[in-house]
Amino acid sequence: MADAPLPQRTLVLVKPDGVRRGHVGEVLRRIEAKGYTLVAAELRRADEALLAEHYAEHAGKPFVQALIDFMRSGPVLAAVVEGHRVIEGFRSLAGATDPTVAAPGTIRGDLARDWGTKLIENIVHGSDGEESAAREIGLWFPAL
Ligand code: GDP
Ligand code: MG
């Protein structure tokens, strides 16, 4: 018998730049087109405390407060996405952090660019491992 697929979940955020620029539908379309399943999705305004927790791994870095302020600048679409190896798979869909060098065909490569500001506005967030996915899903969707 074939091995049963291992279920895995990741936290995806469409960041305020993605919501403002009208890319929520496109991001969800790419997730669904890939065959992943939406478990939860909600438009949210995140507060400082939630974002400080969310970005705890970056605490103390020079860009973290600007990043938190940016993430509070408008609503975000928070979603939990499920599928076999979805953590790695969504990061592959998202592309590299720096939108200038993110490969064409990826969300960041196709939809984001460097505007010459101090911020890296790159449309989406995706958890980077099983531990952070569990932590981030617990933060954003405590009922799941
Ligand atoms: P990600 O997992 O690809 O989103 O990247 P990281 O976890 O390393 O960083 C989180 C977010 O912080 C990124 O998506 C960027 O929006 C922002 N960021 C990361 N590195 C830098 C940086 O060197 N400068 C600035 N201004 N922002 C950064
Ligand atoms: Mg990260």
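For all residues, glycine too, the Cβ spot is worked out from N, Cα and C.
Whatever TrEMBL says is automated annotation, not expert-curated.
Lifted from TrEMBL, the feature list:
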type: ACT_SITE; residues: His125; note: active site, pros-phosphohistidine intermediate
type: BINDING; residues: Lys15, Phe63, Arg91, Thr97, Arg108, Asn122; note: ATP binding site
type: DOMAIN; residues: 7-144; note: domain 'Nucleoside diphosphate kinase-like'
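Broken down by DSSP into helix, strand and coil, the domain 'Nucleoside diphosphate kinase-like' (7-144) contains 59 helix, 24 strand, 55 coil.
Under 6 Å, Cβ to nearest atom of ligand 1: this is the test, and of the binding-site residues Lys15, Thr97, Arg108 it is passed by Thr97. Residue density at Lys15 (ATP binding site): 23 other Cβ atoms are found within 10 A of its Cβ, drawing on all protein chains shown. All chains included, 24 other C-beta atoms sit within 10 angstroms of the C-beta of Arg108 (ATP binding site).
With respect to their backbone Cα atoms, Lys15 (ATP binding site) and His125 (active site, pros-phosphohistidine intermediate) stand 7 Å from each other. Applying an 8 A CB threshold to same-chain residues 6+ apart, the list for Phe63 (ATP binding site) reads Lys118, Leu119, Ile120. Cα-Cα distance from Thr97 (ATP binding site) to His125 (active site, pros-phosphohistidine intermediate): 9 Å (rounded to the nearest whole number). In this view, Thr97 (ATP binding site) is surrounded by 12 other Cβ atoms within 10 Å of its Cβ, with every protein chain counted.
Across the annotated binding residues for ATP (Lys15, Phe63, Arg91, Thr97, Arg108, Asn122), the two most widely spaced Cα atoms sit 21 Å apart. Its own atom aside, the Cβ of Arg91 (ATP binding site) has 19 Cβ atoms within 10 angstroms in the protein chains shown.
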